[in-house]
Amino acid sequence: MAEHESLEFGKADFVLLDNVSLEEFMANLKLRFEKGRIYSYIGEVVVSVNPYRAMNIYGRDVIEQYKGRELYERPPHLFAIADAAYKAMKRRNKDTCIVISGESGAGKTEASKYIMQYIAAITNPSQRAEVERVKNMLLKSNCVLEAFGNAKTNRNDNSSRFGKYMDINFDFKGDPIGGHINNYLLEKSRVIFQQEGERSFHSFYQLVKGAPDAQLRSLHIQRDPTAYNYIKVGGQLKSSINDSAEFKAVADAMKVIGFTTEEIQTVYKILATILHLGNLKFGTDGDVTLIENSKLVSVLGDLLSTKEENVEKAMLYRTVATGRDVIDKQHTHQEASYGRDALAKAIYERLFCWIVGRINDIIEVKNYDARVHGKNTVIGVLDIYGFEIFQNNSFEQFCINYCNEKLQQLFIQLVLKQEQEEYQREGIPWKHIDYFNNQIIVDLVEQQHKGIFAVLDEACMNVGKVTDEMFLQALNGKLAKHAHYTSRKLSPTDKNLEFERDFRIRHYAGDVTYSVVGFIDKNKDTLFQDFKRLLYNSSNPVLKAMWPEGKLSITEVTKRPLTAATLFKNSMISLVEKLASKEPYYVRCIKPNDVKSPLLFEHERCKHQVEYLGLLENVRVRRAGFANRQTYPRFLQRYKMISEFTWPNHDLSSDKEAVKRLLQGCGFEHDVAYGKTKVFIRTPRTIFSLEEQRAEMVKRIVLFLQKVWRGTLARMRYRRMRAALIIIRAYRRYKVKSYIREVIRRFKNVRDMKDHGKHVKWPTPPKVLRKFEEALRSIYNRWWAWTLIKPLSPEKTVQIRAKVATLECLKGQRADLGLQRAWEGNYLKKDSPGTASSFTLVSSDLQRKDKFMRVLFSSNVRKINRFNKAEDRALLITDRHLYKMDPLKQYKPMKSIPLYNVTGVSISPGKDQLVVFHTKDNRDLIVCLQGMVPAGDSRIGELVGTLLSHFKSEKRKLQVNTVSPIHCSMNGRKCTVVVETKISQSQPDFTKSRSGYILSVPGN
């Protein structure tokens, strides 16, 4: 029951009225309308009064107030009924529908739009792009269908001139994934004729007033609605709707939905074709019928993408097949005009049906598998024309009012009749409430052989000329005794009925007088086959696809098509079956006045609607009845977790006893009744309380299930990981063994090979053994080197180590490293035999004095002294010192440098013998080896390798630089040494430069 509204606004729910009477009902309805409260409840039925003004009650903030709330928690609103239908669909996995009923102008179309808006707003919380696309297309489809299916009438500026039922499909999470639209009985006669004060369909005026000038020129259209006969008949060219703005909105909506540019252009070409058809004039020349404004024929040919002569022939002639003979029968003036109007109506109807079909192709659910995606549930929204009583009521109004009778019958069946019958069947104490059952009126229209539709179809099938008057006579003969049918012949004193024209039906909503003029013609819905062939043969593929029957041969015999009445009756029966299969929610719309005033509440006008809608009976049934009923197994299935006696399964004698125990435990036994197979719950508050308790328990159950399931998953994951680890370990062992076996096989006899297995190709190791392979290769290489070195003498071993050190350090940095010759080391003893004895004597004295173990290297050098002068000296390097000697003074030692004071050496990348010894005290020694025998021998590689090998044996690091120029420090001053090649130079020599020194060497 509704809450949160003070008594100044009246009773929000009519069930709460103090006295259930028509006077009380009307007084409450009027009070709420005057206070701006346009929505009220009758239990779970929403009563909506058209406010005839914009109201600020549909924004995002209002949507949030109703999202997920129960009906009685918030004031009455369309959003509440939409949320209730959505929750029922989501909670119970059951299809639901919202039936919006009321007469023309009561606000049904607007109500359906707000319901769609609400459903779109509350779904897709995760903002999935595909769901957003579907929602957007569903909303935009309303805009397109209104443009082509709605029109201004004397009662309503935006009256639906067709019936629309939309199914919205939802996935198991409750997000929209598609939809489907069914359309019913477009009032196509409005294309060529409108009553005084009315307009044709919005689309025509939107095109004329809103299309760009260039587009109008291409369509041969003027920006003046009065220039076109078909749309100026009603004399009402203005509307509260902005046609120019709506044109752009509709075009944009069609693009969003997915119409191609070519399809949109074809739509506007068809609209232009209809406008031009209305201006087509026929004349006669004797017995020959002519087109007076023949220029329009070429325009029509252009718009229809067909030949001009074919258009003219279809307008003036009809092809008749008699056996094998085919003749062209010329139309009379009347037949040509009839054919033109029939073509205009048929083209527009086909266009509208094609638009609906195109929208369905785009928005329908595709590739949905319930086994994979869960059950596909549906919410249906019915927005169909309301009950109509015009000054002149024809075939269309008859069908529309029959439709409303069927919907009223459904309401009676589900809300009034079935509910009371169910109480009696279940043994619930109940006082019967009388109501008017309109089944007798439905039978009057649709009963086989006797109903009005049956009589009309029979008249249309008779051979010979059958007139509307003959049809009326047949009705009078068959329905003379029917309480809800009369005519002037049956009621001679009733002067409101015309002889041989009118009949009256007493509908549930009141008496309606119908004119039979046009009934036969509209029921036959005749369109010459010539027009169908003309349009099928169009070069426009979209237009061609609309007329598939045009491909039939002229001589082909076809079955008689179903009449318009039969088609409509079948569609209504199908619609009612569809609605009856779903859980219905009702919106009953009331029109407060006929002048569209936001202030006027016409008491008698509203009272009549309340009576024929059966709202008072609805209040009585709802007040005496129960809001909810469920079978015992279904109730237990949903709520058994609330009670310890029923969770997880009960051990009581029956489900009924289990439900009783559950409700007693919750304290609700005063608000329920127990039937034979169902439990009946009186108020929504009890259901809401049960849902709250269930939601709380579901959280706990879910947490428990999550804990158990996560534990199960963890154990499964652990077992899989452990099994995988065992397999991985076993596989690794296998791969390691396989690899090692292969290595052993390949290197089995390497000791006996000449190259000790150097040519053997290593097997590819598994990834896990790559580092192992590197270590194994290193071990092999060390073994291979050892096998080579093992036979050598200690002296040769030392030489080999020095050469390896040179190669590792200088490979690729100097051209000649001297690796191919034997390294002597002590060259002063070898290169100068005449002075060798003096050198040996001095060397022995130094060994005794400084206690060095061996001579690493000796050579004659050219050096720079501290006065920046070049001089010849001898260089002796032992394992402890670096000695400078004067060869001219019997190799007298000049100065020694402790070897531990040497930090590095620098050499150039050329063939010169320049070497710079870097020291810790920045007093570097710059020398150039000379006096080599043979001449041109390179000893730099030997010097560097010998020093590297010695430093490595002492676990010290020697920095070796191969650069040019060489940077060094001389007597604490930074300088550079540059090597230059000179052709005239006979011996290497140093000269002073601005930045340091230049070593000039002989060159080619």
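Glycine too: its Cβ is placed from the backbone N, Cα and C atoms.
What Swiss-Prot annotates here:
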- 9-695: domain 'Myosin motor' (DOMAIN)
- G102, E103, S104, G105, A106, G107, K108, T109: ATP binding site (BINDING)
- 572-594: region 'Actin-binding' (REGION)
- 699-719: domain 'IQ 1' (DOMAIN)
- 721-741: domain 'IQ 2' (DOMAIN)
- 812-1003: domain 'TH1' (DOMAIN)
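Positions of the features from Swiss-Prot, shown on the structure.
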| residue | record | CB count, 10 Å |
| --- | --- | --- |
| G102 | ATP binding site | 24 |
| E103 | ATP binding site | 25 |
| S104 | ATP binding site | 22 |
| G105 | ATP binding site | 24 |
| A106 | ATP binding site | 26 |
| G107 | ATP binding site | 25 |
| K108 | ATP binding site | 27 |
| T109 | ATP binding site | 24 |
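Long-range contacts of the region 'Actin-binding' (572-594) within its own chain (CB-CB distance under 8 A, at least 6 residues past either end) are made by residues 29, 33, 42, 44-50, 52, 78, 81, 84-85, 88, 92, 94-108, 111, 115, 155, 163, 165, 182, 184, 378, 380, 382, 386, 402-403, 406-407, 409-411, 413-415, 446, 600-602, 605-606, 609-610, 613, 615. Using the Cβ center of G102, E103, S104, G105, A106, G107, K108, T109 for ATP, the list of other same-chain residues with Cβ within 8 Å runs, in sequence order, N50, N156, S159, G386, C589, K591. In the three-state DSSP scheme, S104 (ATP binding site) falls into the coil class.
Summarising model confidence by region, the domain 'IQ 1' (699-719) averages a pLDDT of 92. DSSP classifies T109 (ATP binding site) as helix under the three-state reduction.
Residue counts of the domain 'IQ 2' (721-741) by helix, strand and coil are 21 helix, 0 strand, 0 coil (DSSP-based).
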